[in-house]
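Shown next, in structure tokens, is the structure this report addresses.
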Amino acid sequence: MSLPKLHVAVLMGGWSSERPVSLMSGEGVAKALESKGHQVTRIDMDRDVALRLAEAKPDVVFNALHGTPGEDGSIQGLMDIMGLTYTHSGLVTSVIAIDKELTKQALVPHGIPMPGGRMVKTADLYKADPLPRPYVLKPVNEGSSVGVAIVTAEGNYGSPISAASKGPWQEFDQLLAEPFIRGRELTTAVIGDRALLVTELRPKSGFYDFDAKYTEGMTDHICPAEIPDEITEACKDIALRAHRLLGCKGTSRSDFRWDDEQGVEGLFLLEVNTQPGMTPLSLVPEQARALGMDYSDLVEAIIAEALKDAGKA
């Protein structure tokens, strides 16, 4: 893929819990663009971001932010007001996709299989279990498994849950409780209007948490996943349908849990990530690489999608 030489502002950092990941993603993107001869302005997201974007006057903004405010519609709304062309999804899609409950409301009526569950106030956890054990607790709008916990039948956080157990959810006021789905972690990337591959993730710690995601050697990535063809095709179909239904742009990544004793009936979409990581260990670059697309070409492909959507390509 060949792009004209562009001035690209790379937005990274910010103040969410995923700041370290965003900085790694952003620096990787910036170096890739420079290797292709593009002019790059690095912007570490802060409260003066509008001024810095206005001063930079970029041809396009590469959004390498993760979490709030780069993934929840905030920065997208600002860039819309400023008339900037930017990568990845727009305001409405971002608002919906970062909220796991809103995502369910948008996708389940269209036949996308997602786990059941319910919203629960953190304070109510210490009164009674919201679901039969085992179940999963997760913040409604965090990524990278921040704040996620599996509550086991053995009472790993007490029975009932004890505030003294210092669960990772305690800094959040509201949580989503979902039934725990035994089985395997799968993920599928979409670029443009094409689902790539399916990767199976096998964390050596048993849980695919923040450290397992971003520490080299802590998770085995099997790409393409060694799973039945019908599961591969189901993952790709669901990922592409979810991408389209939510109105995602550029790239997205759909994460699944698969109970391999249940066949295709055991496959559930957990979430759609509209700002998937672009670090050396990240899954979208890995799948692209397995299909013969190197990292710098992937970055340019994402920018090309943004230019096309803006009518500039």
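For all residues, glycine too, the Cβ spot is worked out from N, Cα and C.
Not measured: the values here are computed from a predicted model.
Here is what Swiss-Prot records for this protein:
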BINDING   130-187  ATP binding site
BINDING   D255, E271  Mg(2+) 1 binding site
BINDING   E271, N273  Mg(2+) 2 binding site
DOMAIN    104-304  domain 'ATP-grasp'
Count the Cβ atoms, other than its own, that fall within 10 Å of the Cβ of E178 (ATP binding site), considering every protein chain shown.
22
Which of E154, D255, E271 has the fewest nearby Cβ atoms, counting only those within 10 Å, among these binding-site residues?
E154
Out of S162, Q170, N273, which has the highest number of nearby Cβ atoms, where nearby means within 10 Å of its Cβ, if these are the binding-site residues?
N273
Give me the non-local Cβ neighbours of K138 (ATP binding site): same chain, 6+ apart in sequence, Cβ-Cβ under 8 Å, ordered along the sequence.
K100, G147, V148, A149, W169, L175, L176, E178
By the count of other Cβ atoms within 10 Å, pick out the sparsest of the binding-site residues V146, L186.
V146
Between Q170 (ATP binding site) and N273 (Mg(2+) 2 binding site), what is the CA-CA distance rounded to a whole number of Å?
23
Round to a whole number and give the Cα-to-Cα distance in Å for the pair S162 (ATP binding site) and N273 (Mg(2+) 2 binding site).
31
Neighbours of N273 (Mg(2+) 2 binding site) among the binding-site residues P130, V146, E154, L186, D255 (Cα to Cα, within 10 Å):
D255
Round to a whole number and give the Cα-to-Cα distance in Å for the pair P130 (ATP binding site) and D255 (Mg(2+) 1 binding site).
24
Report, in whole Å, the straight Cα-to-Cα distance of D255 (Mg(2+) 1 binding site) from L186 (ATP binding site).
6
Can you tell me the CA-to-CA distance separating E154 (ATP binding site) and D255 (Mg(2+) 1 binding site), as a whole number of Å?
27
Using Cα coordinates, what distance in whole Å links D255 (Mg(2+) 1 binding site) and V146 (ATP binding site)?
15
Take the C-alpha atoms of E271 (Mg(2+) 1 binding site) and V146 (ATP binding site) and report the distance between them in angstrom, rounded.
14
Work out the three-state DSSP category of V146 (ATP binding site).
coil
